[in-house]
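Listed in Swiss-Prot for this protein:
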type	residues	note
BINDING	E168, R214, H446, R487	L-aspartate binding site
REGION	192-195	region 'Aspartate'
REGION	575-604	region 'Disordered'
COMPBIAS	577-587	compositional bias 'Basic and acidic residues'
COMPBIAS	588-604	compositional bias 'Low complexity'
Amino acid sequence: MIRTHDAGSLRATDAGTTVTLAGWVARRRDHGGVIFVDLRDGSGVAQVVLREEDAHVLRNEYCVRITGEVTRRPEGNENPELATGEVEVTADELEVLSEAAPLPLPVDDQIEAGDDIRLRYRYLDLRRSGPANALRLRSRANQIARTVLHERDFLEIETPTLTRSTPEGARDFLVPVRLQPGTWYALPQSPQLFKQLLMVGGMERYYQIARCYRDEDFRADRQPEFTQLDIEMSFVTEDDVIDLGEAIVSRLWRQLAGHQITRPIPRITWHDAMARYGSDKPDLRYGVELTELTDYLRGTRFRVFAGAIEAGGYVGAVVMPGGAAQSRKELDGWQDWAKARGAKGLAYVVLDAETGEARGPVAKNLSAEHLAGLADAVGAKPGDAIFFAAGAESRAAQELLGAARVEIARRANLVDESAWAFCWVVDAPMFERVSDSEEGGWTAVHHPFTAPNAEWVDRFEEAPDRALAYAYDIVCNGNEIGGGSIRIHRGDVQQRVFDLLGITPEQARDKFGFLLEAFKYGPPPHGGIALGWDRICMLLAGADSIREVIAFPKTRGGFDPLTSAPTPITAAQRLEAGVDARPKPEARAQAGTAGPAAPVADPT
């Protein structure tokens with residue numbers, strides 16, 4: 001052993017013990033012939049006292065090994081900020097294991113550094129306690145989840161990383177196959193179809209901490225490769241899966257955040273979430289809610305509202321407490337805020353703090369009757385501001401108000417940052433239009449293997465826009481941290497879904513033939529959930545980005561500053577991999593039987 005003790009483990013009870021420590025020089029202080037060194041390893045920091053002649057060569061981040069006696073610090077010199085603050089090690093021997101060049105990044109929790117430099121020298125960044133503790137927390141989260149699942153007789157099973165591409169879901173990352181030029185593997189977007197095959201195979205309780213890959217456009221706080229806790233169960237109902245999800249999440253929050261989640265976690269239907277919060281992942285830490293005014297404002301002459309109502313659309317409002325105190329510049333700034341989200345603007349009325357009189361551009365266009373009852377209709381008080389959205393499409397207007405609700409909470413300091421608010425969003429739509437046109441076809445909101453609920457299973461073709469699915473998402477503080485569904489296991493129902501989606505038998509066979517073949521042989525009823533592991537760990541760590549809980553994350557643009565990936569390949573590599581090769585006609589003819597399609601992802 002290079003060392004006998006961890007630096008962070010030393011306590012007053014170790015006084016008089018001779019120890020050997022190994023780690024990095026976090027800090028050195030010279031005191032007239034004596035040098036004090038803060039020695040850091042993975043467990044913490046211990047103070048080491050060395051003679052100047054022994055330690056004059058030491059610099060920050062040198063990797064060293066010391067042997068010495070643990071002694072109590074002189075009275076008054078204790079450091080209550082450190083777990084080891086009552087003791088120090090008087091060194092008898094010092095060995096420099098390796099030297100450190102001048103540092104491009106300060107290894108100091110008190111000094112902020114830019115994201116680019118932190119990612120470029122991530123290995124130095126991880127020596128800081130904040131980033132290191134985030135990864136330790138993630139490791140503990142993995143252990144806790146595994147414990148919960150093993151207590152319930154789940155099997156941890158790995159599924160393929162190299163699979164077959166399919167146009168379903170997001171774009172795939174593709175891998176050329178050297179031994180079969182012109183053919184490609186795809187990296188999985190999730191283990192979705194493989195875990196369903198495991199259910200057919202009798203592996204009734206499956207889980208996996210799964211690596212997933214999606215070639216998406218650049219989006220804030222997304223990574224091209226990510227992790228989900230993937231779960232599938234046979235012979236279960238929606239309630240069974242939700243109960244398991246709650247067991248995992250409540251154990252995680254109790255042990256890692258010290259928070260006891262009240263169970264059962266509240267459930268809200270998808271349509272109620274959109275109507276009340278303008279979002280299918282509502283933040284319930286504050287109580288501001290949307291109000292629909294379509295019926296209240298029916299008959300108005302204000303063209304913006306009247307046009308939406310006549311088109312069978314939606315008019316709604318959200319209240320900003322104390323919003324009337326905003327300056328004209330601040331109120332006008334809301335228009336820029338709305339336009340940045342693709343809207344034409346955000347109409348508003350402010351209520352005078354003294355009289356409650358409605359003022360503002362919209363107030364001039366509403367009748368006296370509508371103005372008189374407006375405050376009561378939306379639950380506003382004198383001094384508040386009321387923001388409106390209207391449109392022929394209800395969802396777009398609701399989502400604009402939902403985004404305004406979040407921004408109102410931020411600007412008005414309504415969010416208790418120490419609070420935790422969870423909910424399940426259930427009864428999601430089964431289908432949505434491919435385009436805004438009424439003639440447009442249908443697509444599955446989740447994926448084409450999601451089961452319609454009992455009310456709709458025999459008649460979803462009658463009104464696809466109103467059909468509901470056995471689908472459920474779990475939300476924490478406005479973040480979707482997991483989602484899943486009960487799957488279709490009946491061949492006749494699956495065929496009807498394919499028919500509605502415009503997937504021909506040939507296309508279904510080409511994309512999912514192996515799954516449909518498996519479903520001929522007695523598939524059990526089954527369902528599952530995928531928990532977004534990066535986001536869950538981010539919340540538990542109190543981090544602002546999922547990058548903080550990933551060992552070697554990429555930038556928003558998918559670039560890795562540490563390795564400079566992605567990089568071009570050489571002409572020789574390109575030739576060897578067969579990147580430019582064309583598949584032989586026989587291979588194209590056999591595409592429908594070439595093997596498993598790339599999985600379609602649970603939303604996370």
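Each residue, glycine too, has its Cβ placed from N, Cα and C.
Keep in mind it's a predicted model, so treat the numbers as computed, not measured.
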* For the binding-site residues R214, H446, which one has the sparsest Cβ surroundings, going by other Cβ atoms within 10 Å? -> R214
* Please list, for the region 'Aspartate' (192-195), how many residues fall into helix, strand and coil according to DSSP. => 4 helix, 0 strand, 0 coil
* What three-state secondary structure does DSSP assign to R214 (L-aspartate binding site)? -> coil
* To do: Note the mean pLDDT of the region 'Aspartate' (192-195), expressed as a whole number.
  => 94
